[in-house]
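Visitor: Okay, these came from TrEMBL:
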type: DOMAIN; residues: 15-108; note: domain 'Major facilitator superfamily associated'
type: TRANSMEM; residues: 28-49; note: transmembrane segment
type: TRANSMEM; residues: 55-78; note: transmembrane segment
type: TRANSMEM; residues: 90-111; note: transmembrane segment
Amino acid sequence: PTSSPPSAAAAAINGIQRLLSDSKTIQFLARCVLLGFGAGCVNAYLYLFMRHMGVSTSFIGISIMANGLAEVPVLFFQKAFLRNFGSAKGMLAAATGMVALLSSYSALLTWRKTQALTLLVSSSSPANATVKVA
């Protein structure tokens, strides 16, 4: 008797077992999960934090649009990038991008605090008594 080819589910389970038996694949998946978790945490609370800091809804909308537009070239050129540089350099580029993103958020927060202090100091001087801070 001839055996029938394995079903799609059996083939998928077999493929997953082979992937999870390789330690390098597990390390890669762990890095992807950690990067995704970090990005998810930042994105989930960024806009709430910006609102708490008093940032206008227009600026929050612009930052959401910029975030989406930044992803377009990455998704468009990902095949060429991975073909030319490989997955290891791709992961390094993703981690570097995450560091740059978090650094820019930190710089924005520092800039907002400096701007608020400058407005506070300038509005407290008698010469600028009519200045209103929104």
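Residue numbering: from 1, along the chain as shown.
Backbone N, Cα and C atoms are what each Cβ position is placed from, and that goes for glycine too.
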Visitor: Determine how many residues of the domain 'Major facilitator superfamily associated' (15-108) DSSP places in helix, in strand and in coil.
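Guide: Summed by class, the stretch gives 88 helix, 0 strand, 6 coil.
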Visitor: Over the span of the domain 'Major facilitator superfamily associated' (15-108), how high is the average pLDDT in this prediction?
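Guide: Reported value for the domain 'Major facilitator superfamily associated' (15-108) is a mean pLDDT of 84.
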